[in-house]
Amino acid sequence: MKKPVKVAITGAAGQIAYSLIFRVASGSMLGPDQPVILQLLDIPDAMEKLKGTVMEIEDCAFPLVAGIVSTADPMEAFDGTDYALLVGARPRGPGMERKDLLSANAAIFSVQGKALSEKASRDVRVLVVGNPANTNALIAASNAKKLDPRQFTAMVRLDHNRALSQLAAKTGAATTDIEKMIVWGNHSSTQYPDISHCTVKGKPAKSLVDQAWIEKEFIPTVQQRGAAIIKARGLSSAASAASAAVDHMRDWALGTNGKWVSMAVPSDGSYGIKPGVVYGYPCVCKNGQYEIVQGLDIDAFSRARMDATDAELREERAAIEDLLK
Ligand code: NAX
């Protein structure tokens, strides 16, 4: 058996965590031979509820769980952390404007960025799930002065997986038959799920579906899938979000074998997206590192959508600029 690694999960008493913790503990994320120490963070008011989740983790008697820490202190939760999944965030309350939501979350993620910078493993990999995920990741990275911004990513993998499942259903294929899916930009309704480079069983996806379906069904369905789930379930996506978080971290840590996955990472000028935002890109992962896939042709249809989601991210950034210092 390997030496245990430390996995921090914030929002640990919440609904995504209620799926995520158990997937991580069972070995889905880091493999069946990798023991984990779970470091669970939530706010003081949620400690009693978190106690219940911890009792259930204990009752699973998971062979891979080498320890459980539950706390309301980020400095304790991130002590020596190798993988941090930042799920907890402030939801939009009644009468709250978008700017208020951005500021409330910016306050949380600046504290957590600083705590990660002080306490986490120097190789920590951070995934931000809590919304607005891309901008929260930007804030955490900017506040983690002792870490590399490339250690901070945000989740667009749920959108990527939703796009795979829509295209698979339309073409009668399995999701595993599809390669080179991309979700560009923000995890919001401006995201751009792009099948321009996709293949289905080796054939160009664009030769199997028509442009009207892409524009009128595929893109809006993926963009609005979160809202559709809230309407049907009365609650936002939780198990699928947890599953996407597991996919994102597993692929980053263990590699994608050349396959493309969508990850929101600090923009570096690739595809004309200037530095300064955390943007969804096609990535491949190898040896614990991600690289943005380079050299793709971008047509006018894609360009307009990629720029629109970039513009939204720059607006979000402008609303919290003072917290980036
Ligand atoms: P819940 O409201 O069920 O749970 C959130 C938990 O976070 C609560 O237990 C709360 O006490 C805790 N929390 C709040 N502030 C905290 C802080 N400062 N430190 C630690 N914990 C804190 O929400 P849930 O359904 O689990 O969703 C969590 C977040 O994921 C939300 O922001 C949600 O919008 C976001 N999502 C992101 C997705 C993505 O693809 N990036 C998809 C799913 C989801 O909508």
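Just so it is clear, glycine is given a Cβ too, placed from its N, Cα and C backbone atoms.
Site annotation for NAD(+) in TrEMBL covers G11, A12, A13, G14, Q15, I16, A17, N105, Q112, V129, G130, N131, and the matching candidate from D33, D42, D82, D148 is D42.
Of the residues R98, R125, TrEMBL places R98 in the same substrate site as R92, N131, R162. Not a single one of the recorded positions R92, R98, H187 has a C-alpha within 10 angstroms of the C-alpha of A17 (NAD(+) binding site). Ranking the recorded positions R92, R98, H187 by the number of CB atoms within 10 A of their own CB puts H187 at the top. Each of the binding-site residues Q15, N105, N131 was scored by the other Cβ atoms within 10 Å of its Cβ; the lowest score goes to Q15. Proximity to ligand 1 (Cβ under 6 Å from any of its atoms) holds for these binding-site residues out of R98, N105, V129, N131, R162: V129, N131. On a Cα basis, Q15 (NAD(+) binding site) lies 16 Å away from R92 (substrate binding site). Within 10 Å of its Cβ, the residue among the binding-site residues A13, A17, V129 with the fewest other Cβ atoms is A13.
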